[in-house]
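Per TrEMBL, the features are as follows:
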type	residues	note
SIGNAL	1-25	signal peptide
DOMAIN	53-203	domain 'Cupin type-1'
BINDING	Asn101, His106, Glu111	oxalate binding site
BINDING	His104, His106, Glu111, His150	Mn(2+) binding site
Amino acid sequence: MEKLSSLIACALILAIARNPIFTNAGDPDILKDFLVPPGLNESTITRQYFTFTNFRYFETKANLTGRTTAFIAKATKKEFPALEGQSVSMAKIIYPPSGINPPHTHPRSAELLIVLEGILEVGFVDTENRLFLQTLQANDLFIFPKGLVHFQVNTQPDCKAVALGVFGSASAGTVSIPASVFGSGIDREILAKAFHTDNQTISELVQANK
């Protein structure tokens, strides 16, 4: 019996090796052309439901005076319900002169960055701690692999930069590294040990990320 069990186990391992199981970590497929929020009747949906205009005046309303971090307007399924089930979303990003989009990750999607205006230095760090840096100009594209820490910096001190971030998920999610580390309530002594610094320095960082 023991020998038979071993043979069955070997057969299962071989079967799995010859027929690997592929999993889809993206948004789930839908069985309809599109989804509508609860309470809405699909038959009453018009073209307006599939239209998003919030980017139209975003750039003119962004006050860059004294700003050091980027302004970001999102079009995810939260802001644009028609994206539910469509596995796509977008963000428009405005960088003040010398401004930065701090290190962050998107746990549910890669990001394709498209520079519309200005010059950006961008980069990401892979799981082997290698840093990939690139300087981009208008009409250039750069891909940030899914889940990896990345950032963008406007290298020009006297003019703004503008870009679009395109995601392969209706809700890519964003985890800000500074905010999640210093603004999440992790014990300050733990952070001081982790970053080889003192509690006073950590306290200043925590205060800055409130």
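We count from 1, first residue shown onward.
Backbone N, Cα and C atoms are what each Cβ position is placed from, and that goes for glycine too.
Looking at Asn101 (oxalate binding site) and His150 (Mn(2+) binding site), their Cα atoms lie 9 Å from each other. Here the domain 'Cupin type-1' (53-203) returns a mean pLDDT of 95 for the predicted model. For His104 (Mn(2+) binding site), the number of other Cβ atoms no farther than 10 Å from its own Cβ, over all displayed protein chains, is 19. Close to His106 (oxalate binding site) in the fold, though at least 6 residues off in sequence, lie Phe144, Lys146, Gly147, Phe167, Ser169, Ala172, Gly173, Thr174, Val175, each with a CB less than 8 Å from its CB.
Taking Cβ-Cβ distances under 8 Å and a sequence separation of 6 or more, the neighbours of His150 (Mn(2+) binding site) in its chain are Pro103, His104, Thr105, Glu111, Val122, Gly123, Phe124, Val125, Phe144. There are 25 other Cβ atoms within 10 Å of the Cβ belonging to Glu111 (oxalate binding site).
In the structure as shown, the Cβ atom of Asn101 (oxalate binding site) sits within 10 Å of 25 other Cβ atoms.
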